[in-house]
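Single-structure report; data block below.
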Amino acid sequence: LSHTECPFTVSSCSGGVVVFATDYGQVYTYKQNALTRQKVQPMHQSSIRGVEDMATLEDLHDGAIMHNLFLRYRQGNIYTYIGSILAAVNPYQAVPALYDRPAVERYSRHHLGEIAPHIYAVANECYRSLWKRLQSQCVLISGESGAGKTESTKLILKFLSAMSQHSLELSSRDGTSHVEEALLESSPIMEAFGNAKTVYNNNSSRFGKFVQLHFCQKGNIQGGKIVDCILHCPLSVE
């Protein structure tokens, strides 16, 4: 069964009182005559098994979304799609081989949605769309403190840097560029200024960040800039 907030099973039903036990260890008691379909409804099979793309969930409410993320997290899958949107759950620990070179190569060969959800898939779609759509592309990263926004930015830069280096190797004998290295190494420097400790994050950014990259027709990064903005100031890009 499913409540509008979480999944549960009926643990007992007697004397006009129904006791529900949630999958998270909580217990709720309701009077039987007070239960309605708005409060309690059968859970669809897609919510029980969990799905890679939550756009395919039949149960469309907050509880189903949170439960799906919980199921995937428990299985070691921290990434889940919502259509073309990627939801990430911070594991607060290193996940072996999740971001290594073979992972970069694997996601560079597939379109978004063809293989398991990953931030590299979003970065690859952004990179390929530069030439497919002939327009500037943007990746918006948002979340609460400690959600992993800064790390996600680094991972996208890492993937785009790898793609840039690959294009250099294909287009010329000189496969070296200091632009990608400068971009990747600039983030720790900026994090040394204006960060603060929060309940969930010992190194929480106190500013917004806009990263702009410039690619040439050959596919490699020619330049870029990173603009920081203190949170109480508006961020304007022209």
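Glycine too: its Cβ is placed from the backbone N, Cα and C atoms.
Features of the protein shown, as given by TrEMBL:
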type    : residues                                                       : note
DOMAIN  : 49-238                                                         : domain 'Myosin motor'
BINDING : Gly143, Glu144, Ser145, Gly146, Ala147, Gly148, Lys149, Thr150 : ATP binding site
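Taking the features listed in TrEMBL, we show where each one sits on the structure.
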{"residue": "Gly143", "record": "ATP binding site", "CB count, 10 Å": "13"}
{"residue": "Glu144", "record": "ATP binding site", "CB count, 10 Å": "12"}
{"residue": "Ser145", "record": "ATP binding site", "CB count, 10 Å": "14"}
{"residue": "Gly146", "record": "ATP binding site", "CB count, 10 Å": "16"}
{"residue": "Ala147", "record": "ATP binding site", "CB count, 10 Å": "16"}
{"residue": "Gly148", "record": "ATP binding site", "CB count, 10 Å": "20"}
{"residue": "Lys149", "record": "ATP binding site", "CB count, 10 Å": "20"}
{"residue": "Thr150", "record": "ATP binding site", "CB count, 10 Å": "19"}
On average, what pLDDT score does this prediction assign to the domain 'Myosin motor' (49-238)?
81
